[in-house]
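Per Swiss-Prot, these features apply:
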type    : residues                   : note
BINDING : Cys16, Cys18, Cys36, Cys39 : Zn(2+) binding site
Amino acid sequence: MKEGIHPMYSDATVKCLCGNTFQTRSTRKEINTEICSACHPFFTGKQKLIDTAGRVERFKRRYGQV
């Protein structure tokens, strides 16, 4: 690698809106995020299946059980 052309890669603090913080490495000193593995529904197991406006039922009525 050439000297002086690459950004400094140092320790960084990641802060989530839920209050969770953790350390990683980045070219930035602080990273703010809206969602992390501590509050994301996929990782917490609080995932909900949302059927918006009965689209599944409407599909089944229209095309039947294939």
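Including glycine, each Cβ sits where the backbone N, Cα and C put it.
Around Cys39 (Zn(2+) binding site), the same-chain residues at least 6 positions away in sequence with a Cβ under 8 Å from its Cβ are Cys16, Leu17, Cys18, Asn20. Long-range C-beta contacts of Cys36 (Zn(2+) binding site), restricted to its own chain and to partners at least six residues apart, with a cutoff below 8 Å, comprise Val14, Cys16, Cys18, Asn20, Phe22.
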